[in-house]
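Student: Dropping the structure in here first, questions after.
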Amino acid sequence: MAAARISFSSTSRTSYYRHSPFLGPKPTPTTPSVYPITPFSPNLGSILRCRRRPSFTVCFVLEDDKFKTQFEAGEEDIEMKIEEQISATRLAEKLARKKSERFTYLVAAVMSSFGITSMAVMAVYYRFYWQMEGGEVPFSEMFGTFALSVGAAVGMEFWARWAHKALWHASLWHMHESHHKPREGPFELNDVFAIINAVPAIALLDYGFFHKGLIPGLCFGAGLGITVFGMAYMFVHDGLVHKRFPVGPVANVPYLRKVAAAHSLHHSEKFNGVPYGLFLGPKELEEVGGLEELEKEVNRRTRYIKGS
């Protein structure tokens, strides 16, 4: 659609009027002229007359709204392209930062895991080696160590469930809250709980390693069980669920997929925070009627893994 603008300009034009004898008589019927027209004729002033008439010129200036719309659309396209470039740059920076954070946490996890695992293996080997130096095999002590190792690992699941609900989501929420928010940097304040749980494990291992007898053997087993649980918790919770580092074939274990899906439902708070435990999370959801949602979450995570 075009809009019209009208402008007027005024000009003047000179018109000369002269009566020709060949066109008939003059319009004045009273005194016909028989003399030819000469420069000395007395009527020359009336014959040759100069009259200026005003002349108006109308100019139409058209504004093409379509062209204006196209121009504005072109500006919008340029702005959108600039915004897309800025968004792409920010996305690339965010991905690079996330990659750096994952690498940093992976290095820390590998170093701590390798250090703790190697110390635990060496402690188990040398402890039983010293126990059998006299030729006698302390079966009761060895059985106690093994039993407490398994018992402590299983017991830590129930301890973690209780502490998670009664402490971390209550009086210690100011620390645990960092785990329920987008993480900034490779670490979060919630990681302090891993260090807190490592303190009794190290103390029990130390006492059981440097002492002989049934009680030191039980303490050594308890410290070993806490250590094993902490390692498994880190790989499943931090690696498989929150993808803070790659876990490899661990992600293909069917039950661990359910565990990861159950913990994702904990963060969604669909069942008032249930499950609070980790490895027995699917069982907790079954108790509150959340198996259907659990299956949906498992399928969603499976499609995501296959798509990526």
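Positions of Cβ are set from backbone N, Cα and C atoms, glycine also.
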Student: Of 44-49, 164-169, 248-253, 278-283, which span is tagged motif 'Histidine box-1' by Swiss-Prot?
Tutor: 164-169
Student: What same-chain residues lie close to the transmembrane segment (215-235): Cβ under 8 Å, and 6 or more beyond its ends?
Tutor: 109, 113, 116-117, 120, 123-124, 127, 138, 141-142, 144-157, 160, 194, 197-198, 200-209, 247, 250, 278-279
Student: Against which stretches of its own chain does the motif 'Histidine box-2' (176-180) lie, if we need a Cβ under 8 Å and a gap of at least six residues from its ends?
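Tutor: For the motif 'Histidine box-2' (176-180), the list is 168-169, 188-190, 193, 267.
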Student: Provide the three-state DSSP residue tally for the motif 'Histidine box-2' (176-180): helix first, then strand, then coil.
Tutor: 5 helix, 0 strand, 0 coil
Student: What counts of helix, strand and coil residues does DSSP assign across the motif 'Histidine box-3' (237-242)?
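Tutor: Secondary-structure breakdown of the motif 'Histidine box-3' (237-242): 5 helix, 0 strand, 1 coil.
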